[in-house]
Protein chains: 2
Amino acid sequence: MNGYRDLRVALLGCGSVGAQTARLILEHGDELAARIGARLSLAGIAVRDVDAKRDVELPRELFTTDAERLVQGADIVVELMGGIEPARGLILQALQGGADVVTANKALIAAHGPELSDAAEQVGAQLSYEAAVAAAIPILRPLRESLAGDHVTRVLGIVNGSTNYILDRMDRFGDSAEDAMRVASELGYLEADPTLDVEGYDAAQKATILASIAFHTEVPVDSVYREGIANITAAQVEAAKSAGYVIKLLAIAERLTSSDGVDGVSARVYPALIRRDHPLAAVYGGKNAVFVEAEAAGELMFYGAGAGGAETASAVLGDLVSAARRHVIGGPGIPGSLHAELPILPVGEVTTAYQIMLEVHDRPGVLAAIAGLLAEHGVSAASVEQTVAPGSDGEGRAALVIGTHQAREADLAATVDALRASEEVLAVTSVLRLEGRA
Amino acid sequence: MNGYRDLRVALLGCGSVGAQTARLILEHGDELAARIGARLSLAGIAVRDVDAKRDVELPRELFTTDAERLVQGADIVVELMGGIEPARGLILQALQGGADVVTANKALIAAHGPELSDAAEQVGAQLSYEAAVAAAIPILRPLRESLAGDHVTRVLGIVNGSTNYILDRMDRFGDSAEDAMRVASELGYLEADPTLDVEGYDAAQKATILASIAFHTEVPVDSVYREGIANITAAQVEAAKSAGYVIKLLAIAERLTSSDGVDGVSARVYPALIRRDHPLAAVYGGKNAVFVEAEAAGELMFYGAGAGGAETASAVLGDLVSAARRHVIGGPGIPGSLHAELPILPVGEVTTAYQIMLEVHDRPGVLAAIAGLLAEHGVSAASVEQTVAPGSDGEGRAALVIGTHQAREADLAATVDALRASEEVLAVTSVLRLEGRA
């Protein structure tokens with residue numbers, strides 16, 4: 001189509017991330033081709049057992065158990081199997097064959113990142129692994145590229161959603177450690193072996209990767225100092241709370257000068273107190289965030305989902321598009337070109353919820369009249385709250401706060417005009433839109 | 001040095017961002033060369049009046065008033081003059097000459113982005129402007145590259161620090177609109193013409209840029225619906241607060257289907273209610289943040305400084321390094337290679353503040369003994385609070401919460417050992433590090 005040439009993509013693994021990645025490649029094919037200037041052709045999906053993937057809604061003919069053969073002749077290999085072997089061997093095979101590689105495999109990168117990076121560098125191939133840290137959150141690319149002219153001094157990451165969920169429950173609902181852990185387990189937030197999360201092993205792998213990218217230095221995972229959250233008590237959480245802090249499990253990478261003057265790097269994981277007004281304190285539930293301090297840029301934070309099939313696949317696709325573009329330099333689909341050209345819609349078409357504040361006569365029938373007026377214009381009230389109007393002195397005036405359901409801006413504007421004209425209404429004192437809900 | 005070839009960088013403008021950009025290029029020369037694989041050679045800095053830059057600490061011979069001549073022969077042009085002309089003409093000249101261009105000029109990109117992008121595309125040059133939106137925060141690159149395989153559905157940005165500062169004062173300190181505005185003005189947070197901030201013109205320029213990048217569509221700045229914060233009252237802020245909301249001025253770019261089924265884009269700026277537990281609600285003072293909703297990635301947020309010379313220069317340098325790398329593909333200094341190789345320091349070298357909780361005998365001399373013990377190990381107490389120990393029933397036990405100043409981990413560990421061994425101490429109930437402070 002459109003004369004685009006094909007780039008052969010080999011997908012290794014078809015768990016939740018793999019299946020979502022395949023789906024995005026197939027469903028967004030035309031759009032990706034326009035952005036890349038070449039078509040991503042899914043050459044196959046290597047799995048251990050094809051029958052086990054019977055329920056996955058992907059074309060059957062894509063599945064194969066012969067990963068090695070699939071890797072041969074691929075332009076880009078996407079490794080989403082997890083674990084060390086055979087992932088490591090297949091990635092080396094791909095790189096040695098000149099293919100670019102995208103992986104989400106944090107354990108592998110934490111253990112063998114330098115070996116794999118060297119292999120890529122030797123043949124001029126690209127190895128990228130944005131999805132290995134904090135899933136959907138773009139953090140490695142900003143650290144590597146956006147801050148390439150700056151000096152990163154410290155990285156503080158909430159990079160394990162399970163432990164953040166547990167600590168958040170203890171903080172917000174007063175759960176005991178045991179209760180919070182049980183709920184997290186029931187919701188499937190904990191790995192099969194919960195010590196990977198709770199003892200900070202998972203966070204340590206991410207600390208290794210963050211430190212190596214932030215400081216251009218090989219940081220072995222066994223050099224990461226590690227304390228988990230197993231010993232954090234409800235009493236500690238409560239004491240932190242009353243002192244204006246919250247306890248978060250942090251993966252920390254830091255430039256440091258030792259007591260005898262050696263300039264070096266520290267990577268560590270432990271639960272720490274964070275002030276309530278620090279941006280990391282507002283990272284609730286299973287979310288992830290990485291807070292970066294740099295000499296010139298100051299404080300930055302990157303926030304989002306740290307797990308999930310689709311979320312992780314989004315980061316994999318970002319790396320995949322970037323790798324694919326390297327094959328098409330100078331071709332069509334130059335990054336940032338305006339290929340969609342959608343129409344600009346007027347604000348009247350916007351749909352959002354509203355909060356309207358009114359001053360009204362405090363007499364029977366007012367509420368009914370106003371509710372009727374809203375309904376007439378297709379605006380539905382979600383809540384109505386009546387308070388005494390400021391300065392009313394009980395003289396028959398009341399203040400109403402109306403929260404609406406989602407409504408069209410044009411309908412709302414007509415409603416507000418009608419409210420202003422209504423005999424029941426003394427004044428429309430505030431109209432504000434409500435944003436930030438899904 | 002090291003056989004790197006030179007890339008000629010022409011800098012246009014030497015205000016606070018320009019001076020910081022020049023400083024970083026000169027001071028980080030070796031490091032940048034290693035990252036790029038070529039040396040950034042600052043060919044000159046074009047200014048209107050060389051004498052006016054007498055106090056800027058940069059080599060005098062770099063300054064010139066002949067911008068056109070400086071642009072000729074440059075490999076990369078960095079435009080930090082601001083305003084439309086002569087910036088636009090010089091950028092077009094640079095692009096037509098085949099140079100890559102980096103700019104922080106939001107007014108120019110909002111007004112002439114498509115024209116300049118087209119000019120760049122025609123000659124295969126790169127035009128980048130990360131610093132034009134939210135200064136130090138990497139947002140355009142993540143939108144363009146990290147989310148290249150995803151569908152962005154909505155972008156909500158706090159992209160004007162001055163108005164966020166004003167609204168934040170009204171929310172947190174109960175300031176009137178006039179008082180908050182006066183303080184912002186006294187602190188130099190407002191532009192010379194405050195209507196650019198207060199009426200949302202500045203935010204509208206950024207909404208244009210965000211919408212065009214998120215949706216690959218040309219969004220003229222005069223198509224952006226715009227309401228400022230001039231009419232926001234203390235009463236509205238107070239009412240929002242008591243209802244669990246905070247008012248923020250948002251720049252919004254959204255994919256939208258109109259009531260008659262047209263798929264399009266909306267870009268708008270207005271003050272809106274945000275729930276207190278939304279990540280944007282925790283963006284205080286003059287900070288900026290951009291919240292992104294994407295189909296696969298879910299919710300992401302990018303947070304940081306939205307203004308400042310060094311902060312903006314960090315983003316300029318990121319673009320500059322990226323442009324420079326295009327000149328050196330295949331050369332040394334491949335992105336992500338480990339060229340620093342700093343030593344990994346043990347956790348004992350880490351310096352941080354601590355909170356130590358103790359159960360002690362409630363008798364005279366205990367505090368003095370414990371303070372002495374801390375001092376002995378080089379740990380200095382910042383605060384000591386005494387409470388009744390839980391379950392003590394007044395039987396002569398007290399609980400102490402000690403906050404320390406910055407201390408070395410090794411000293412702290414020795415202190416805790418000594419506390420455990422002390423006769424005064426019944427139990428060390430909690431030792432937590434305090435992170436997230438500068």
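A Cβ is built for glycine as well, from the same backbone N, Cα and C atoms used for every other residue.
TrEMBL entries are annotated by machine, without manual review.
Per TrEMBL, the feature NADP(+) binding site maps to B:L12, B:G13, B:C14, B:G15, B:S16, B:V17, B:G18, B:A19. Positions annotated as NADPH binding site by TrEMBL: B:K106. What TrEMBL records for B:E191 is L-homoserine binding site. Residues or ranges marked as active site, proton donor in TrEMBL: B:K206. The domain 'ACT' annotation in TrEMBL covers B:355-436.
Checked against B:K206 (active site, proton donor), the binding-site residues B:G13, B:S16, B:A19, B:K106 differ in C-alpha distance, with B:K106 being the nearest. Note on the recorded positions B:K106, B:K206: the fewest other CB atoms within 10 A surround the CB of B:K106. As a whole-number mean, the pLDDT of the domain 'ACT' (B:355-436) in this prediction is 87. In sequence order, B:I45, B:A46, B:V47, B:E79, B:L80, B:M81, B:G82 make up the list of same-chain residues 6 or more apart from B:G13 (NADP(+) binding site) whose Cβ falls under 8 Å from its Cβ. Secondary structure at B:L12 (NADP(+) binding site), taken from DSSP and collapsed to helix, strand or coil, is strand. Apart from B:L12, B:G13, B:C14, B:G15, B:S16, B:V17, B:G18, B:A19, the residues listed for NADP(+), the same chain places the Cβ atoms of B:L11, B:Q20, B:T21, B:A22, B:I45, B:L80, B:M81, B:G309 within 8 Å of the centroid of those Cβ atoms. Other Cβ atoms within 10 Å of the Cβ of B:A19 (NADP(+) binding site) number 22 in total over all chains. If you measure from the Cα atom of B:E191 (L-homoserine binding site) to that of B:G18 (NADP(+) binding site), you get 18 Å. If you measure from the Cα atom of B:C14 (NADP(+) binding site) to that of the residue listed as 'NADPH binding site', you get 17 Å. Listed in sequence order, B:L80, B:A104, B:A131, B:G309, B:T312, B:A313, B:V316 are the same-chain residues at least 6 apart in sequence whose CB falls under 8 Å from the CB of B:V17 (NADP(+) binding site). A count of other CB atoms within 10 A of each Cβ picks out B:L12 as the most crowded of the binding-site residues B:L12, B:C14.
DSSP assigns B:A19 (NADP(+) binding site) to a helical segment in the three-state reduction. The two recorded residues, B:A19 (NADP(+) binding site) and B:K106 (NADPH binding site), have Cα atoms 18 Å apart. Under DSSP, residues within the domain 'ACT' (B:355-436) fall into helix, strand and coil as 24 helix, 36 strand, 22 coil. The residue listed as 'NADPH binding site' and B:G18 (NADP(+) binding site) are 15 Å apart (CA-CA, integer value).
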